[in-house]
Amino acid sequence: MPYEPPTHTVERSLRATTGAKVIAGVDEVGRGAWAGPVTVCAAITGLRRPPEGLTDSKLLTVKRRTVLAEELRKWVTSYALGHASPEEIDALGMTAALRLAAVRALEALPVRPDAVILDGKHDYLGSPWKVRTVIKGDQSCVAVAAASVIAKVQRDKMMAELGIEHADFGFAANAGYPSPVHKAALAERGPTPYHRLSWAYLDALPQWRHLKKVRSWADGSVPEIEGQLGFDF
């Protein structure tokens with residue numbers, strides 16, 4: 001299929017139908033990884049023409065994605081990132097962890113959005129946020145596509161830094177997702193402090209299965225994420 005750049009169609013529709021003036025596009029990365037955080041970016045772009053070649057981060061080469069992310073960070077009106085740690089994913093489950101990361105991103109923006117465009121069909125944000133879900137929004141919607149690229153590049157950088165400490169796991173190449181190198185290191189060495197211990201991959205590793213658990217916080221609170229992965233977000 002020929003390349004079709006994302007547009008401001010959804011943003012314009014929200015402005016016309018809801019009166020929203022400040023609209024944030026939101027996308028996540030790391031949902032299916034075995035290690036590392038889930039990362040969410042919220043980006044406010046307005047209706048300006050985006051940098052050339054903007055699309056879903058998964059459709060871009062690493063080199064192009066990295067260059068484009070730098071362009072986008074300068075081009076967007078504002079953006080912010082939120083993360084949910086492996087511990088929080090284990091304690092809360094993925095849907096709640098996504099919401100936690102998304103709220104952190106949205107609340108870190110300099111202005112509260114009037115509406116949010118969320119990639120996908122499932123609204124994991126909910127009330128009080130005014131949400132419009134868009135399937136493949138990271139390909140069709142400018143603000144969501146921008147959030148997709150920024151989130152992907154930032155999380156990849158974080159995982160590459162973790163890979164320095166745990167070189168055998170190949171985090172710089174696989175970003176915490178399953179790969180032959182990652183699986184071999186898990187079988188030999190077991191999970192790192194950055195692995196999600198409630199996930200099914202441990203069922204296939206009998207020597208490490210005893211580590212599988214879903215953690216819960218005794219007081220019902222969720223700890224702050226800063227510092228939990230070894231560097232400042």
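Even glycines carry a Cβ here, placed using N, Cα and C.
Features reported for this protein in Swiss-Prot:
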| type | residues | note |
| --- | --- | --- |
| DOMAIN | 21-211 | domain 'RNase H type-2' |
| BINDING | ASP27, GLU28, ASP119 | divalent metal cation binding site |
Which chain neighbours of the divalent metal cation site, leaving out ASP27, GLU28, ASP119, have a Cβ atom within 8 Å of the mean position of the site's Cβ atoms?
VAL26, VAL29, VAL40, CYS41, LEU118, GLY120, GLY137, ASP138, VAL144, ALA147, SER148, ALA151
So among the binding-site residues ASP27, GLU28, ASP119, who's got the most Cβ atoms within 10 Å?
ASP27
